[in-house]
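To start, the structure under review is shown below, and the notes come after it.
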Amino acid sequence: MRLAIKKRASRRGRGAGPSPGRADSGAMDEARPLWATPLQFVFACLSYAVGLGNVWRFPYLCQMYGGGSFLVPYIIMLTVEGMPLLYLELAVGQRMRQGSIGAWRTINPYLSGVGVASVVASFFLSLYYNVVNAWAFWYLFHSLQDPLPWSVCPLNGNRTGYDEECEKASSTQYFWYRKTLNISPSIQESGAVQWELALCLILAWLLVYLCILRGTESTGKVVYFTALLPYCVLIVYLVRGLTLHGATNGLAYMFTPKMEQLANPKAWTNAATQVFFSLGLGFGSLIAFASYNEPSNNCQKHAVVVSIINSSTSIFASVVTFSIYGFKATFNYESCLNKVILLLTNSFDLEDGFLTVSNLEEVKSYLASAYPSKYSEVFPQIKNCSLESELETAVQGTGLAFIVYTEAIQNMEASQLWSVLYFFMLLLLGIGSMLGNTAAILTPLTDSKVISSYLPKEAISGLVCLVSCAIGLVFTMEAGNYWFDIFNDYAATLPLLLIVLVEAAAVCYLYGLRRFESDLKSMTGHALNWYWKAMWGGVSPLLIISLFVFYLSDYIITGTLQYQAWDASQGQLVTKDYPPYALAITGLLVASSTMCIPLGALGTFIVRHLKRGDTASVA
């Protein structure tokens, strides 16, 4: 993403770019645009890095792995993995002054496939990520209705009662699975394109295109909104959340540490994975951003600042989420108790107001002993109400954003206002991340003299958006959500780990850590301290290898890959095995980006070998 920037000649002097003779970056350097201010660069990185994962995955991980105790592995992983690798990518982009393909080809001609792999991974991410923005648009438009359409179940066909599927599930689940996705029973039943969602997807891609259409001129203005406004909405939500009944229950649950979770290996691997993907490492977006920096820019400071702000945002968003989650859990718990009170009052002809929450257990014990036969008839209808179980119900991703949050919002006063604010925030977060995703794709394309000589920048951007939108229509089909999960779970997980591992190894052992250290010192005037060298040269790569092995072993141990399908007759999710063709496509998604690395090296070797042969024959 070429954010922000005035075109001007790069200052050659200190750190003017790659060494003469390595790629022909010198000529490109002279015409390369630069950020107007370092602050714009920081905002661009924050807009890209701070995304939906901060809002809907980090709170889930806190909930799963011991609340406050999860912060221990998270902060450690940020220190030994996230921050060093972020600095590495920013330094590579600023040093080589090219997009991901050109930057890695400049470091070593055999590494051009690393940049291609990053572009492919970013393309896959863009395909499904913008679908979330389409969903946000859909909910934003429906938030203007009074009452909110997901607050009540619709009537059945003959209008004699409520829809059966909605009654078995809940009104928020029904609106998500039936009204929004119109989801099919399995991935094998593709169904038709949902044209309302398709129009929202087209609108989302049109918005992205308008943001990148004028390049630096348009995106430079957008980035301030996408970086800052979500914080404004989060602050407003925090103030509102803390005033909600039961908010303290959620916050107490979040901040009460369960230290035994520190012995859980999955807590550490999930902390490392969250840090890795939250910062957007391996996609090439950060390299693209940094390539428009002044060569003398202090990218080390910016790496630290972006890492800290991004992680602080995750914690801040968790406070907001758990305050609202506490309200929802308390509301559901008290509603459950009131239903039990009403049931017992009517069944045993008790006086209205006699049975209360405070004496419920005592009265239940008395009724069970005094009227055993009648109580045994009523007992199966008595729900087991537990605030703890409500708080322990872990939900992440779309389930948190479009089901749990909407359930909480519908019970707030002025629910339309809070709904509009929430989905507007999701949209801003999504668009901000999309600007970074498209930057990783567009920067190498516009840097290419072959492509840019035939197509102007606006046409390249439009073509990428058009193709992505057309392919993305798959996710608006009735089985689209199942394909969304496949892309989300497999398209970028293992490939990105491999990409960043090769990046670290390439800088430290192919280009040379001492040489790169010398380059950085000549650019910024600051020498690398022992911490960065230790992380780049050993700790971070070893950690990535450990994650890679963990994921592979987890896939092997798990066996057949499975997915959650919606069963309308039960009003709940059921587990099913992926069909063979879905497994084949999953494997293709993983291979299509990872294989770019060896194939790129092989292609370079063949071309060089052929050139040597031609030279020898001429001689």
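Cβ from N, Cα, C; glycine included.
Taken from TrEMBL, the feature Na(+) 2 binding site applies to Ala49. Ala49 (Na(+) 2 binding site) carries a helical DSSP state (H, G or I).
Summarising the annotation, TrEMBL assigns Na(+) 1 binding site to Val50, Asn54, Ser278, Asn310, Leu429, Ser433. In the three-state DSSP scheme, Asn54 (Na(+) 1 binding site) falls into the helix class. For Asn54 (Na(+) 1 binding site), the same-chain residues that are 6 or more apart in sequence and have a Cβ closer than 8 Å to its Cβ are Ser278, Asn310, Thr313, Ser314, Ala317, Leu429.
Annotation source TrEMBL lists compositional bias 'Basic residues' at 1-14.
The region 'Disordered' annotation in TrEMBL covers 1-27.
If you look up TrEMBL, you'll see 34-56 (among others) marked as transmembrane segment.
Annotation comment: TrEMBL describes 68-88 (among others) as transmembrane segment. Away from its own ends, the transmembrane segment (68-88) comes close to residues 61-62, 254-259, 261-262, 267-268, 271-272, 274-276, 278-279, 281, 286, 299-300, 303-304, 306-307, 311, 315, 500, 503-504, 507, 531-532, 535-536, 539-540, 543-544 of its chain (Cβ-Cβ under 8 Å, at least six residues beyond either end).
Residues 99-103, 282-285, 287, 430, 433-434, 437-438, 440-441, 444, 468, 471-472, 475, 483-484, 487-488, 491-492, 495-496, 498-499, 502-503, 506, 510, 589, 592-594, 596-601, 603-605, 608 of the same chain sit 6 or more residues outside the transmembrane segment (109-129) yet have a Cβ under 8 Å from a Cβ within it. If you look up TrEMBL, you'll see 109-129 (among others) marked as transmembrane segment.
TrEMBL lists 192-212 (among others) with the feature transmembrane segment.
If you look up TrEMBL, you'll see 224-247 (among others) marked as transmembrane segment.
What TrEMBL records for 267-292 (among others) is transmembrane segment.
According to TrEMBL, the transmembrane segment annotation covers 304-325 (among others).
Within the same chain, residues 1-3, 44, 47-52, 54-55, 99-100, 118-119, 122-123, 125-126, 129-130, 132-133, 136-137, 139-140, 143-144, 204, 207-208, 211-212, 219, 222-223, 225-227, 229-230, 233-234, 236-237, 280, 283-289, 401, 405, 409, 457, 460-461, 464-465 sit at least 6 positions outside the transmembrane segment (420-442) and bring their C-beta atoms closer than 8 Å to a C-beta of that stretch. Sequence annotations record features per position, and here TrEMBL assigns transmembrane segment to 420-442 (among others).
What TrEMBL records for 463-484 (among others) is transmembrane segment.
Beyond the ends of the transmembrane segment (490-513), by six or more residues, the same chain brings 85, 88-89, 92, 104, 107-108, 111, 114, 117-118, 120-121, 124-125, 128, 273, 276-277, 281-283, 533, 536-537, 540-541, 544-545, 547-548, 551-552, 586, 589-590, 593-594, 597 to within a C-beta distance below 8 angstroms of the stretch. The annotation transmembrane segment is assigned in TrEMBL to 490-513 (among others).
What TrEMBL records for 534-553 (among others) is transmembrane segment. Listed as Cβ neighbours of the transmembrane segment (534-553) (distance under 8 Å, sequence separation of 6 or more from its ends, same chain) are residues 77, 80-81, 84-85, 88, 265, 269, 272-273, 276, 493-494, 497-498, 500-501, 504-505, 507-508, 513.
Feature annotation from TrEMBL assigns transmembrane segment to 581-607 (among others). Residues of the same chain lying 6 or more positions beyond the ends of the transmembrane segment (581-607) and with a Cβ under 8 Å from any Cβ of it are 109-114, 116-117, 120-121, 124, 187, 482, 486-487, 490-492, 494-495, 498-499, 502, 561.
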Segment-segment contact (the transmembrane segment (304-325); the transmembrane segment (463-484)) at 3 or more Cβ pairs under 8 Å:
no
Within-chain partners of the transmembrane segment (224-247) [C-beta distance under 8 Å, separation at least 6 from its ends]:
43-44, 46-47, 50, 313, 316-317, 319-320, 323-324, 326-331, 412, 418, 421-422, 424-425, 428-429, 431-432, 435
Around the Na(+) 1 site recorded as Val50, Asn54, Ser278, Asn310, Leu429, Ser433, what other same-chain residues have a C-beta within 8 angstroms of the site's C-beta center?
Leu46, Tyr48, Ala49, Gly51, Leu52, Gly53, Val55, Thr313, Ser314, Gly432
Please indicate, using numbers and ranges, the residues of the same chain that are 6 or more beyond the transmembrane segment (463-484) and have a C-beta under 8 Å from a C-beta there.
123, 126-128, 130-131, 134, 181-184, 186-195, 197-198, 201-202, 205-206, 208-209, 398, 438, 441-442, 445, 455, 563, 565, 582
To the nearest whole angstrom, state the Cα distance for the pair Ser433 (Na(+) 1 binding site) and Ala49 (Na(+) 2 binding site).
7
Long-range neighbours of the transmembrane segment (192-212), counting only residues six or more past its ends (CB under 8 A):
1-2, 130-131, 133-135, 137-138, 141, 180-182, 218-219, 222, 430-431, 434-435, 438-439, 442, 461-462, 465-466, 468-469, 472-473, 475-478, 480
